[in-house]
Structure formats: structure tokens, C-alpha cells
Amino acid sequence: MNQSILSPFGNTAEERVLNAINAFKHGTGVLVLDDEDRENEGDLIFPAETITSEQMAKLIRYGSGIVCLCITDERCQQLDLPPMVEHNNSVNKTAFTVTIEAAKGVSTGVSAADRVTTIQTAIADNAVPTDLHRPGHVFPLRAANGGVLTRRGHTEASVDLARLAGFKEAGVICEITNDDGTMARTPEIVEFAKKFGYSVLTIEDLVEYRLAHNI
């Protein structure tokens with residue numbers, strides 16, 4: 001990736017990661033790019049702990065519509081969320097679990113407010129499996145232990161960013177799409193970020209930062 005295109009968001013990996021962490025601390029979303037040889041996509045990511053209905057609506061409006069809740073393996077076990085399929089043969093081994101809906105406080109589960117309620121239910125400290133119905137309209141993703149140092153995915157990046165910002169290890173993500181329904185690539189992601197005032201970083205930035213600081 002031509003790093004100069006990311007210079008408006010920081011001239012180094014460290015700057016971009018610190019800007020993203022600061023944005024997370026203030027409850028603002030960030031855009032995370034993966035490698036051009038991987039998915040070559042940009043995800044808009046919010047801390048699960050602070051996401052609002054307005055932010056969820058933006059994910060739904062500008063994203064693919066598949067809004068995912070990225071959580072740790074420990075949280076998946078706490079909620080008794082099994083994998084979506086027994087044998088995961090997807091190219092990038094994206095670890096979807098069964099989909100979920102809050103058992104209380106939602107109507108159809110589709111609206112932005114309902115999805116936020118489901119997310120807040122799932123990440124509550126005292127959450128138990130019966131707090132959730134299955135299936136639903138929120139797609140949990142199980143993050144690999146070790147985060148981006150183990151798997152260079154948006155799932156792990158969101159959990160790592162939440163942890164580095166001092167939040168629960170949970171993030172809400174959705175891939176950004178163009179108006180014609182195609183996937184937004186780096187140039188479109190940069191323009192989207194400038195339009196809405198988001199920070200941008202790459203997963204490799206996060207890897208470099210974690211290795212440099214041994215965190």
C-alpha cells in the first residue's frame with residue numbers, strides 16, 4: 001500500500017494507531033484497512049461499549065448491512081455461542097458464531113436501536129446465554145487469541161483497539177461499500193474518512209505498534 005495516501009491520518013504507524021486509540025476513547029469510530037492481498041477492504045469500527053443508535057445507523061447506511069460484534073473467545077464461551085458452521089472453509093477463516101438478538105428490549109431486532117440493545121446485552125459483565133435469542137440480526141465474530149499478532153483481521157483489530165483504549169474487548173464493525181454496492185477500496189475509504197472526520201489506520205500499523213511496545 002502507498003503509505004503517502006494515509007499521511008493525513010498520521011505520518012507513521014505509531015501516529016495513526018495513537019490517533020485511532022484517542023478516537024476510540026472519545027467514542028468515535030475509526031476506519032481500518034487490511035492488506036491489499038487479503039480482503040482489501042475498509043471497515044468502520046466503533047467500541048461496542050459506547051456505540052450509539054446514530055452510529056449504528058451510519059454502519060447500516062454506508063456499510064454492507066452485515067453488522068458484526070467482535071468479541072473474545074472467553075466472551076463467546078460465557079454466552080454459549082457456538083460457531084455458525086461445524087467446518088469453516090471460508091478463505092480467511094472468518095469466525096462467525098450463531099447470530100443473536102437480545103431476549104428483552106427489542107421489537108423485530110432489525111432497527112439500529114434494537115441492534116445496539118442486542119450488543120449491550122451481549123457485552124454486559126453479568127451476561128448469560130439466556131439473555132440472547134438465536135438466530136438474530138447481529139453477527140458475532142470470535143477474535144483469535146493474541147489479536148492481530150495471531151490473525152491479521154478486522155475482527156482482531158477491533159478487539160485490540162478496544163482493549164488499548166481501555167474498553168471491554170469488543171468492537172462493532174461493518175465493511176464500507178460504495179454507492180453502487182461495490183466494496184470501497186483504499187482511495188474511497190480515505191475520501192469517506194475525510195468527509196466524516198474519521199481516523200484511518202491499517203492492520204499492519206496495529207501489528208507494528210503492538211510489537212514495538214510489546215503489548
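The backbone N, Cα and C atoms fix where each Cβ goes, and this holds for glycine too.
Copied over from Swiss-Prot:
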BINDING   Arg38, Glu39, Asp43, Arg151, Arg152, Gly153, His154, Thr155, Glu175  D-ribulose 5-phosphate binding site
BINDING   Glu39  Mg(2+) 1 binding site
BINDING   Glu39, His154  Mg(2+) 2 binding site
SITE      His137  site 'Essential for catalytic activity'
SITE      Glu175  site 'Essential for catalytic activity'
Among Asp43, Arg152, His154, Glu175, i.e. the binding-site residues, the one with its Cα nearest that of His137 (site 'Essential for catalytic activity') is Glu175
Three-class DSSP assignment, Asp43 (D-ribulose 5-phosphate binding site), comes back as strand
For His137 (site 'Essential for catalytic activity'), the three-state DSSP class is strand
Same-chain residues at least 6 positions away from Asp43 (D-ribulose 5-phosphate binding site) with a Cβ under 8 Å from its Cβ, in sequence order, are Leu31, Val32, His154, Ala157, Ser158, Ile173, Cys174, Glu175, Ile176
The number of other Cβ atoms within 10 Å of the Cβ of His137 (site 'Essential for catalytic activity'), counted over all protein chains shown, is 18
Min neighbour Cβ count (10 Å) across binding-site residues Arg152, His154 flags Arg152
